[in-house]
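Participant: Just passing along the structure, written as C-alpha cells.
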Amino acid sequence: MINSILVVCIGNICRSPTGERLLKAALPERKIASAGLKAMVGGSADETASIVANEHGVSLQDHVAQQLTADMCRDSDLILVMEKKHIDLVCRINPSVRGKTMLFGHWINQQEIADPYKKSRDAFEAVYGVLENAAQKWVNALSR
C-alpha cells in the first residue's frame with residue numbers, strides 16, 4: 001500500500017506545494033510532502049500560486065520550500081514529478097527510486113505540468129486546473 005507520497009518540482013514554491021495540498025485534502029490518512037530539485041529553501045509558496053490556490057479553497061499559507069534529498073526519496077512509497085526530465089533528476093539523487101517515480105500527470109495521458117513561475121496569472125490558473133485534475137485521478141487510483 002502507498003502510505004507516503006512525495007510531490008516534486010524545481011523550486012518547491014508553485015507546482016509541488018499545490019499538488020501536495022490537493023492530495024492531502026483528499027487523502028488525509030496518508031503522509032504527503034513536497035520538495036524541490038533546486039528548491040528555494042526556506043521560501044514560502046509563490047504569491048500568485050497562493051492566491052490562485054486560495055481562491056479554490058486550498059491554502060499554501062504555511063508552506064516552507066525544502067530541497068529534495070536521497071533520504072526523502074528512499075522514505076517515500078511514491079514520488080510524483082511534474083516533467084519527464086524530473087524523473088532522471090530524481091534518480092540522480094537516489095538511483096534506487098526509479099520504479100516508484102512517476103509523473104503527477106500520469107493518469108491524464110502522461111501529461112507534463114508546465115512551470116508557471118514568473119508567468120501570468122492565467123498560466124497559474126491553467127496549471128492549477130491541470131494539478132487539480134491530475135490529483136483527483138491519483139486519488140481515484142490510490143483509493144481502489
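Cβ coordinates come from backbone N, Cα and C, glycine included.
For reference, Swiss-Prot lists these features for the protein:
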{"type": "ACT_SITE", "residues": "Cys9", "note": "active site, nucleophile"}
{"type": "ACT_SITE", "residues": "Arg15", "note": "active site"}
{"type": "ACT_SITE", "residues": "Asp115", "note": "active site, proton donor"}
Participant: Give the distance between the Cα atoms of the residue listed as 'active site, nucleophile' and the residue listed as 'active site, proton donor', rounded to the nearest whole Å.
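Facilitator: With distance taken Cα to Cα, the residue listed as 'active site, proton donor' is 8 Å from the residue listed as 'active site, nucleophile'.
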Participant: Taking just the CA atoms, what is the gap between Arg15 (active site) and the residue listed as 'active site, proton donor' in Å?
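Facilitator: Cα to Cα, Arg15 (active site) and the residue listed as 'active site, proton donor' are separated by 7 Å.
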Participant: When you measure from the Cβ of Asp115 (active site, proton donor), how many other Cβ atoms are you left with inside 10 Å?
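Facilitator: Other Cβ atoms within 10 Å of Asp115 (active site, proton donor): 16.
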